[in-house]
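Asker: Got a structure for you, written out below as structure tokens; questions coming shortly.
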Amino acid sequence: MEQRAAPVIDRLVVIGLGLIGGSFAKGLRESGLCREVLGFDLDARSRELAVELGVVDRCADTLAEACRDADVIQLATPILALERLLGELAKLDLGSAVITDVGSAKGNVVRCARNVFGEMPSRFVPGHPIAGSELSGVTAAKSTLFRRHKVILTPLKNTDPQALALVTRLWAALGADVEHMDVAHHDEVLAATSHLPHLLAFGLVDSLAKRHENLEIFRYAAGGFRDFTRIAGSDPVMWHDIFLANREAVLHTLDDFRADLDALRAAVDEGDGHRLLGVFTRARAAREHFSKILARRAYVDVMHSNDLVFLANPGGSLTGHLRVPGDKSISHRSIMLGSLAEGTTEVEGFLEGEDALATIQAFRDMGVVIEGPQQGRVTVHGVGLHGLKPPPGPIYLGNSGTSMRLLSGLLAAQPFDTTLTGDASLSKRPMNRVAKPLREMGAVIETAAEGRPPLTIRGGQRLSGMHYDMPMASAQVKSCLLLAGLYAADQTSVTEPAPTRDHTERMLRGFGYPVTVEGRTAIVEPGHKLRGTHIEVPADISSAAFFMVAASIAPGSEIVLEHVGVNPTRTGVIDILKLMGGDITLENLREVGGEPVADIRVRGAQLKGIDIPEDLVPLAIDEFPVLFVAAACAQGRTTLRGAEELRVKESDRIQVMADGLQTLGIKAEPTPDGIVIEGGMIGSGEVWAHGDHRIAMSFSVAALRASGPIRIHDCANVATSFPNFLDLAQRAGMQVQAEGAS
Ligand code: S3P
């Protein structure tokens, strides 16, 4: 809330001194924005109390007296009383007063105003604060009631912009988040999110109470019943008003809900457990998302404070056994192939990071029933290659380039249209690398300028197979085309310029789908099926890499990273660190579900600068940010070439790392396709991760050898790939924490 500000209006009049009107009056009185706050209520006792409690400066005895010389008139009476009140107001000379209201059904308010005034007055700004309490009356008035609550204003075409700005200003002064919305849209949204739940709660309690007149069953009601029916304790008269006022929108949403309820009834009747599970798992995921919105952790807080800052203090060494979360690439693919398989796929060790969760949500949106994740376990009820359903709207993939690129391949062959969108970082990433070859196969794909997301993929195309020589070494492009190839009319083959991760090829085989690999060419034929299977996701070597470098550069360290995937297409980081003098050994080498896995022991070592062999670049593509930190701690110069792909990752990783390292006093010279780093003393300072998870974690590691603290800005996206990074890092001996946390 604003501190006492200079007045912007002389007189605010609040008509109706209940909880909402009283709170509005009290809050604005305290804000100092109005020279005088005057109240009016038909109930004399409420008028007295309002003055006694400091809700208003004074009260008027008649409406006419109240409105004389008013600058703003707030109508806070019950919604069904509004038409009569407006009728009274129409008889008065209101001068140029701005009128606004708080009714929860706006169509009705506008209708009443038109009946009374002939047309909607241009200085009438309809509004609705989404706030309340089970308490009512002026005694419950609270100046903070609207703080961090939404207030929806529903201006019409003829609404005076100055009046709108003034009403917006007043609500904002109370700490509310003001939004503008179309009248009809407001009424539909509120009918669905507020009015329908109240109707159901009132209806359910009454129905049960009627059936069991002695109310005996309520003795056995537990928390679920209490939570579900809490709102049946709301004010009956107010709600009766609301349903009468918002009749059409309520009926509309109620009819939709009845159809869904009938479908659920049929599922119970027919013993259709699959359908029930589908509804329940989707609802649970949606509810988790809603809880974040309700707790303001989604959207609102992210907007206000997307600058999650990591504070990494210098020094320390690492010890102990650590298991980092599941492999991101394999987690994505387990959901994609599990969804396209026939039968059920059980996944263990699944990465519960935002990127992999985005892939789960995408398939849920396309009708796949997916249970979990719960402690890394996911059950995917496959629908077969041709069983996906059109999603209800655009598919939002957050920060996840892998989801977008791989999905575009399989969506190009579906009978329905899809639109793929992402966050600010993903929206800048190049998609022509998949759109172009997919178009050659017959796909119809629209992109934003320069091949950026969103992608709109037109369904119903017949894809033909093709041979594609990839211009860049990209596992995402290769995988995208192989997935499209499952649906093509004939063979699809992809040749890569250098080996890239081969999880798609391995996992397709694990699902019983034949893939031929000849040298650097992977080949699929259409006409086979995927069969549900069991997948154990190993720990992600890309996440383990932060601890490999951390233990290497912090003297006296010794750690064992357990159950890490060591697929030879991913182990470039180990090879590079060993070339730099790292002390790394693989123990217990074994194969789990078609992927090699090992425990990796890392001890502190004096590293030396090297020329990184170019053939290792694609095999360590995600690990370079942290390898640059290793280079900064090494003796001598490290040179990287042939890594221009780093410029189009979640950030331009060459530039962003060079900037940060230079800030910390390290000589780091970016080149078009790499970087030259001179080992030296790392200083302290402020660096920016630019929303790139791997940059944030890399600078956290750098602090081990820094002379003072490093503050790292924009770290929220660490949750995309390594949600428990801070926890594990602290446990291992690093002194890094989110700023503000103790
Ligand atoms: C990935 C491939 C790589 C990698 C990304 C995951 C995958 O991208 O950087 O984090 O799962 O296929 P490119 O294919 O663009 O190199």
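Including glycine, each Cβ sits where the backbone N, Cα and C put it.
Automatic, uncurated: that is what TrEMBL annotation is.
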Asker: According to TrEMBL, K328, S329, R333, S474, Q476, K649 bind 3-phosphoshikimate; so which of D307, D365, D622, D673 is the extra one listed there?
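Answerer: Record check against TrEMBL: 3-phosphoshikimate site with K328, S329, R333, S474, Q476, K649, extra candidate from D307, D365, D622, D673 is D622.
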Asker: When you measure from the Cβ of S329 (3-phosphoshikimate binding site), how many other Cβ atoms are you left with inside 10 Å?
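Answerer: So the number of other Cβ atoms within 10 Å of S329 (3-phosphoshikimate binding site) is 29.
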Asker: In whole Å, how far does the CA atom of Q476 (phosphoenolpyruvate binding site) lie from that of S329 (3-phosphoshikimate binding site)?
Answerer: 9
Asker: Would you list, in sequence order, the binding-site residues among S329, R333, S474, D622, K649 whose CA lies within 10 Å of the CA of R429 (phosphoenolpyruvate binding site)?
Answerer: K649
Asker: If you count Cβ atoms within 10 Å of the Cβ of Q476 (phosphoenolpyruvate binding site), leaving out that atom itself, what do you get?
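Answerer: Result for Q476 (phosphoenolpyruvate binding site): 23 other Cβ atoms within 10 Å.
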Asker: Among the binding-site residues listed here (S474, D622, K649), which has the Cα closest to the Cα of K328 (phosphoenolpyruvate binding site)?
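Answerer: If we rank S474, D622, K649 by Cα distance to K328 (phosphoenolpyruvate binding site), first place goes to D622.
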Asker: Please list, in sequence order, the residues in the chain of R694 (phosphoenolpyruvate binding site) that are at least six apart in sequence and whose C-beta is under 8 Å away from its C-beta.
Answerer: S542, D622, P625, V626, K649, E650, R653, S721
Asker: What's the CA-CA gap between R333 (3-phosphoshikimate binding site) and G401 (phosphoenolpyruvate binding site) in angstrom, rounded?
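Answerer: Cα to Cα, R333 (3-phosphoshikimate binding site) and G401 (phosphoenolpyruvate binding site) are separated by 13 Å.
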Asker: With every protein chain in view, how many other Cβ atoms are within 10 Å of the Cβ of K328 (phosphoenolpyruvate binding site)?
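Answerer: Step by step: centre on the Cβ of K328 (phosphoenolpyruvate binding site), count other Cβ atoms within 10 Å, giving 24.
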Asker: Among R429, D622, R653, R694, the binding-site residues in the record, which have a C-beta under 6 A from ligand 1?
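Answerer: Those binding-site residues that pass the cut-off, since their Cβ is under 6 Å from ligand 1, are D622.
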